[in-house]
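Student: In case it helps, TrEMBL gives these features for our protein:
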- 133-230: DNA-binding region (DNA_BIND)
- 8-124: domain 'Response regulatory' (DOMAIN)
- 133-230: domain 'OmpR/PhoB-type' (DOMAIN)
- 57: 4-aspartylphosphate (MOD_RES)
Ligand code: CA
């Protein structure tokens, strides 16, 4: 997969064979994988691995998939992570219950791997378009996540890899204010220790890069909060 970064998929499935097949196929498609075999582990991994999307089995021991979904959808910091529920039961009533928990999509077992991959991509196209190679636009700036190219007013811009990831993060949600910590998580990764001042340094480089052929600085500093594009 040619994209800005590997999106992380959290696979929650108690059946070892099904879990491994799913992880294997997602990995082959270029996704980074986190695996949980029950609901408790899933809830821990959501915080540790910061997944971009969750494929969640309905029938899990102890904390069910429905309960995991309900909890994640009621938390402000996890609400926007798309959840695709897997279920062995195709009845319409179950489908409705599944959607009432806030699940974003629903797949009945046995499912086709190709179809599931397509659904994962559909969700990511909505929430993390840069990770699936989409073309993003904001005013006169165009970022092509497939070719890793950025243009402003049709002129090609030179950007370092970190500035490219910063810009793609901003362009996925124009106007959203990102704190330095959120940018560190998203651009540098949660496992890596980087000082928040590093963010300021790269924001400075991004601003310079965006204005290399002229034009106004589109990055806004929000005092006490962080940065936003537009
Ligand atoms: Ca199961």
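Just so it is clear, glycine is given a Cβ too, placed from its N, Cα and C backbone atoms.
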Student: Helix, strand or coil for residue 57 (4-aspartylphosphate)? Use DSSP.
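Tutor: Reduced to three states, the DSSP call for residue 57 (4-aspartylphosphate) is strand.
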Student: Tally of helix, strand and coil residues over the DNA-binding region (133-230) according to DSSP?
Tutor: 36 helix, 26 strand, 36 coil
Student: Counting every protein chain present, what is the number of Cβ atoms, excluding its own, within 10 Å of the Cβ of residue 57 (4-aspartylphosphate)?
Tutor: 26
